[in-house]
Amino acid sequence: MTRKYNFSAGPAALPDQVLQQAQAELADWQGKGLSIMEMSHRSDEFVSVATAAEQDLRDLMQIPDHYKVLFLQGGATSQFGMIPMNLLGQKTQADYINTGIWSKKAIAEAKRYAQVNVVASTEAENFTRVPRADELNLSAEAAYLHYTSNETIGGLEFDYIPDAGQTPLVVDMSSDILSQPVEVSRFGLIYAGAQKNIGPAGLTVVIVREDLLGQALPTTPTMYDYKVHADADSMHNTPPTFAWYLAGLVFKWLKAQGGVEGIAEINLRKARKLYAAIDASDFYANPIALPNRSIMNVPFTLADTQLESRFLVEAEAAGLLNLQGHRSVGGMRASIYNAVSETAVEALIEFMQHFEKTRA
Ligand code: PMP
């Protein structure tokens, strides 16, 4: 098996060990004579896999008992609509912080159901920093406050948890969940598409405080009602069984890395090294304010944009894949999620330095 270094923003790199284990038990899961994909989701075997995955995630994030963990489909994008449908209750307004492309998508969808108050935005500064706590203009009438803890495309990450007082705090943690410890009890709801730090695409994890369930708008489709999924342990209909199983393997792998605390140390080291290399050169640049630089997604530009395609071709030849920036912003982006090793980041830095030298 020749595995290259994969810096994809998502679907993203998975740990080698996880893929090897999945491969080893693909056709015959634990001597049962069939694969996990071919089993009923209600079988004892699958239920044990599902329950263990949930427990491991609870352990990793220290999720309190009064939170439900849901394993859903539809991606984080479905959550953009499910959140207002489920959390508005009797209210009509919701607060949103705008820090980039994913915030804007969440805002646009919420506007179909709610009066959205954009309580702070750094768009005028090209989203090069997150709003400060004292810039949040929160409204008393809001059903919840929503923000995106890590903007995957902009490479912009909150360095604090906003304080919304009694108003439930909702966070899109798609691209930084499990990358460093967070205090779950600060949130009303946390959601994340799986395809970065959790597992393969097709699975969406929602962690929701129990008291927020049961107030969905009357027109909410059954499949979009959190309470339906919570009451059925995410088995109201057929869940994405293979993705759930694979997420479970990733959680076990993460526990073996020292859990979220252990991986956070490695993540910080990886990010520091990469930003240091960018900052040490006039050839590469990253525009984000230092405290808000993402430890998961590192966008960078080349001083000479003419060299971008050459950079990508040579990087690929050197075994460094998927470094192209998002189509909406261009430039380069290295996504360095949990499963991207420090060795991979070191190889990238070495390549960048070599590329710069040969072009200087
Ligand atoms: N939010 C963020 C922060 C994301 O990075 C993404 C996907 N890259 C989404 C939402 C949308 O996720 P999905 O494709 O799972 O709907």
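Each residue, glycine too, has its Cβ placed from N, Cα and C.
Here the structure is a predicted model, which means the values were calculated and not measured.
If you check TrEMBL, you get these features:
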type: BINDING; residues: Arg42; note: L-glutamate binding site
type: BINDING; residues: Ala76, Thr77, Trp102, Thr152, Asp172, Gln195, Asn237, Thr238; note: pyridoxal 5'-phosphate binding site
type: DOMAIN; residues: 5-348; note: domain 'Aminotransferase class V'
type: MOD_RES; residues: Lys196; note: N6-(pyridoxal phosphate)lysine
Other C-beta atoms that fall within 10 angstroms of the C-beta of Ala76 (pyridoxal 5'-phosphate binding site): 25
Length of the line joining the Cα atoms of Asp172 (pyridoxal 5'-phosphate binding site) and Lys196 (N6-(pyridoxal phosphate)lysine), in Å: 13
Entries of Thr77, Trp102, Gln195, Lys196 which, being recorded positions, have CA atoms within 10 angstroms of Arg42 (L-glutamate binding site): none
Close in space, distant in sequence - Lys196 (N6-(pyridoxal phosphate)lysine), Cβ under 8 Å, 6 or more apart: Ala9, Gly10, Ala12, Thr152, Ser174, Ser175, Ile177, Met296, Ser335, Tyr337
Cβ-Cβ distance under 8 Å to Gln195 (pyridoxal 5'-phosphate binding site), same chain, at least six residues away: Gly10, Pro11, Ala12, Ala201, Gly202
Of Trp102, Asp172, Asn237, binding-site residues neighbouring ligand 1, Cβ under 6 A: Trp102, Asp172
CB contacts for Arg42 (L-glutamate binding site) [other CB atoms within 10 A, all chains]: 9
Local Cβ density at Thr77 (pyridoxal 5'-phosphate binding site) - other Cβ atoms counted within 10 Å: 15
Binding-site residues compared (Thr152, Asn237) - the one with the fewest other Cβ atoms within 10 Å: Asn237
